[in-house]
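Annotated in Swiss-Prot:
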CARBOHYD  N76  N-linked glycosylation site
CARBOHYD  N135  N-linked glycosylation site
CARBOHYD  N149  N-linked glycosylation site
CARBOHYD  N269  N-linked glycosylation site
CARBOHYD  N286  N-linked glycosylation site
DOMAIN    303-396  domain 'Ig-like C2-type 4'
CARBOHYD  N306  N-linked glycosylation site
CARBOHYD  N318  N-linked glycosylation site
CARBOHYD  N338  N-linked glycosylation site
CARBOHYD  N343  N-linked glycosylation site
CARBOHYD  N356  N-linked glycosylation site
DOMAIN    399-497  domain 'Ig-like C2-type 5'
CARBOHYD  N453  N-linked glycosylation site
CARBOHYD  N469  N-linked glycosylation site
TRANSMEM  512-532  transmembrane segment
MOD_RES   Y554  phosphotyrosine
MOD_RES   Y556  phosphotyrosine
MOD_RES   Y689  phosphotyrosine
MOD_RES   Y706  phosphotyrosine
MOD_RES   Y808  phosphotyrosine
MOD_RES   Y921  phosphotyrosine
Amino acid sequence: MEGAHLAWELAHAVLLLSLIPAGGSVPHEESSLVVNKGEELRLKCNEEGPVTWNFQNSDPSAKTRISNEKEWHTKNATIRDIGRYECKSKGSIVNSFYVFVKDPNVLFLVDSLIYGKEDSDILLVCPLTDPDVLNFTLRKCDGKPLPKNMTFIPNPQKGIIIKNVQRSFKGCYQCLAKHNGVEKISEHIFLNVRPVHKALPVITLSKSYELLKEGEEFEVTCIITDVDSSVKASWISYKSAIVTSKSRNLGDYGYERKLTLNIRSVGVNDSGEFTCQAENPFGKTNATVTLKALAKGFVRLFATMNTTIDINAGQNGNLTVEYEAYPKPKEEVWMYMNETLQNSSDHYVKFKTVGNNSYTSELHLTRLKGTEGGIYTFFVSNSDASSSVTFNVYVKTKPEILTLDMLGNDILQCVATGFPAPTIYWYFCPGTEQRCLDSPTISPMDVKVSYTNSSVPSFERILVESTVNASMFKSTGTICCEASSNGDKSSVFFNFAIKEQIRTHTLFTPLLIAFGVAAGLMCIIVMILVYIYLQKPKYEVQWKVVEEINGNNYVYIDPTQLPYDHKWEFPRNRLSFGKTLGAGAFGKVVEATAYGLFKSDAAMTVAVKMLKPSAHLTEREALMSELKVLSYLGNHINIVNLLGACTIGGPTLVITEYCCYGDLLNFLRRKRDSFICPKHEEHAEAAVYENLLHQAEPTADAVNEYMDMKPGVSYAVPPKADKKRPVKSGSYTDQDVTLSMLEDDELALDVEDLLSFSYQVAKGMSFLASKNCIHRDLAARNILLTHGRITKICDFGLARDIRNDSNYVVKGNARLPVKWMAPESIFNCVYTFESDVWSYGILLWELFSLGSSPYPGMPVDSKFYKMIKEGYRMFSPECSPPEMYDIMKSCWDADPLQRPTFKQIVQLIEQQLSDNAPRVYANFSTPPSTQGNATDHSVRINSVGSSASSTQPLLVREDV
């Protein structure tokens, strides 16, 4: 059957060829012929005259076969015979055939590597051996979708024609078709797309400008990027320059060439522009770098502000200088009155590089004082040059009248000071008046202006003296001296009476002598009273809030600058006062009932802090500062929280939480006889210990030698059931509170309670540290205890009579708790978070010694100071767990930076709680809303100066 089919095909081919008329003038018509592999192929051209046969197939490496025979004959057809056959006569195609040779094993004739040009059509060579197929198409080798913008035309005789090839078409493809119901896939065809230049090359220079000195090396790199390596690039030739080149491919369609131009030693004549140029078929581009070679370096200063500056006292000021320098500056300093300034809390310097060889320097002056006016100089230099600029800073201060006195010869003198120099005006009005400013001014007799140093402009406050002759006034009256400067005014009044002068005949009469002696004695008495008053301790808020000034340096924030929110105001008529809880030299704390503090119909017991009638202005300001500090801190379960205040319509009242058990120190001493110590509990039934309540504390005066620091402890062991406390949740009613108070007060005290107290105080101090607040007087006497045995940190301040408290030692005009103070606080007047940690260690010793005084038997004298300096520390209290004594010792580290933070102490004690009594702290867990976000105060304070009234170290060298 195959032979018969072939014979029919050949006859059909011969018939078609023989139909072409002679001459070849009729346009040919292409036909296709399909034969099987191994069959005979015979094609005959019946054209008169000579003919030529041409054969072309899909193999690009195969040469076109030409034959001059009338007949084309192939005995054994193979897939290599697949192609187009053309019969030509006299150069014209008479007819053509495309012959398919079916091979059951091969459906596609594939060219595995194809190169195409971007934006052109490309043929993926995969012609078919058998045209009888379905769904002749294209796919990617990895099975991923074809590019979205790809369009192609399948051609059984040629393959797949892809239109408008793009760079993204690059990849591996396969032709596929359905043949005899089976999908056939070709071998891999790799398509490479040669990019077309659509833009100029991109040139990037390593620098656009270079400033050098003679003899220095100049090097600049030109980076050219393009789609392929056909790009041309070069530096425009310079005789003294050396150019090196490097190149690399950047992916499929990226190419980079680096041309580095180098001049080993530049000269002034090398100054100019250097151009790098690049070219591709799209066009040319270039970039230029400028070189400026100098014979010598330079420094140029530009003052961006007026060099004469007026600043009000208390305000911040900035001095800014811009400058250019080459080479780079070696020295950049700010000087004040020819002395170099170092960064401190009062001033700090910021340097910044703003560009090539361009710099700025800023001197920040913080809260300028009247004494900080003067000449500020900025000096900058390098190896070749130097320059400086000077600023004259004048600090304006308000005028102040120092004296208004009657001199001899009826001369009245008024002395005022301020900057700039104040102008003094005199006013007179008859009679005794409180103001005379509406009266006409009086011309002074003489005005003198005094400067600190007359040879240079004065930057400090200027003294102005003005005098008038009181004899010009014919009647008794009031004279006013007013000093005015920059709109600020200060005035003082002087009342005088015109009296008839009585001329005495004897100067030194007995009466005059007696009067002189009495006046002298009176002056001495007044001086003694003034001295006593100055030695009287001033009330001051112990809690101090700090702020960061520069890096790790901090200063105290003036509490008067803290805001006060009037939402804390509470009506005075809703307070009903009760008994006095505590009293001091300046004020007192009174128990009170507040009606409608949180609910309109509810009464609540509170503590109200107030001043005594004898308090002065400084004490009133201090109480207001304490109120502002409490409102700034916010609420926490372990501090005495602010509930309200009365600041309007009467004396200031500060309303805080009421703590029913008083201070922790006295609570511990009350519970000594019922304390349960684990070290003695198992022997409690066999031994009776001396009651600690009857054990007298040794006085400081009675002990001169070293004493063992372990206090004696006695116990009264209650039954185990007595230690079980009910756990309450939710809010307390009045009855609940009363019952809770009775239950807590009757319960015995054990180590778990002491751990709980230690933990709560550490939590409270961690909260204060997170608020940048330093306590400065942390001790058991300053910890209050309320129902549920919850401890609360407080500052008694005005409500403690420190004059009669032996814990406070007199130093200067201050009374300080020396035995609770860290060495740096004693010797350097430095109060930090770390000094609070030291005091906390002393408090732990108080706790586990059940209220004993620290350093028992040791008076605070030069020997005590010397022992502290040499590293003496107290022994462990008898009932202290070893872990708690380890915490005490770490708190007493001589290096403040080696002491733990309060957050770390909280974590250490939590381990003790979890190991011994997991339920201890469960009764007084605090809702998250009131805990605050207490974070570890990881930033250590380098130096915080005490703002206490005593600014000198407690121990001078002679005391040791």
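Glycine is no exception: its Cβ is also placed from the backbone N, Cα and C atoms.
On the structure: features taken from Swiss-Prot.
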| residue | record | Cβ within 10 Å |
| --- | --- | --- |
| N76 | N-linked glycosylation site | 10 |
| N135 | N-linked glycosylation site | 10 |
| N149 | N-linked glycosylation site | 10 |
| N269 | N-linked glycosylation site | 9 |
| N286 | N-linked glycosylation site | 16 |
| N306 | N-linked glycosylation site | 9 |
| N318 | N-linked glycosylation site | 12 |
| N338 | N-linked glycosylation site | 8 |
| N343 | N-linked glycosylation site | 15 |
| N469 | N-linked glycosylation site | 14 |
For the domain 'Ig-like C2-type 5' (399-497), the mean pLDDT of the predicted model: 78
Between N306 (N-linked glycosylation site) and N469 (N-linked glycosylation site), the C-alpha gap once rounded to whole angstrom: 44
Candidate glycosylation sites N76, N269, N356, pick with smallest Cα gap to N338 (N-linked glycosylation site): N356
Cβ-Cβ distance under 8 Å to N356 (N-linked glycosylation site), same chain, at least six residues away: Y209, L211
Rounded distance in angstrom between the Cα atoms of N135 (N-linked glycosylation site) and N269 (N-linked glycosylation site): 75
Counts of helix, strand and coil residues, the domain 'Ig-like C2-type 4' (303-396), according to DSSP: 3 helix, 60 strand, 31 coil
By Cα-Cα distance, the member of glycosylation sites N149, N269, N286, N343, N469 nearest N76 (N-linked glycosylation site): N149
Secondary structure content, the domain 'Ig-like C2-type 5' (399-497) (per DSSP, counts of residues): 3 helix, 58 strand, 38 coil
Cα separation, N469 (N-linked glycosylation site) to N286 (N-linked glycosylation site) (Å, whole number): 88
Rounded inter-Cα distance in Å - N343 (N-linked glycosylation site), N318 (N-linked glycosylation site): 14
DSSP three-state assignment for N269 (N-linked glycosylation site): helix
Minimum Cα separation from N469 (N-linked glycosylation site), reported as the residue among glycosylation sites N149, N269, N318 that achieves it: N318
Rounded to the nearest Å - Cα separation of N269 (N-linked glycosylation site) and N149 (N-linked glycosylation site): 57
Nearest-integer angstrom distance between the alpha carbons (Cα) of N149 (N-linked glycosylation site) and N318 (N-linked glycosylation site): 63
Mapped DSSP class for N76 (N-linked glycosylation site), helix or strand or coil: coil
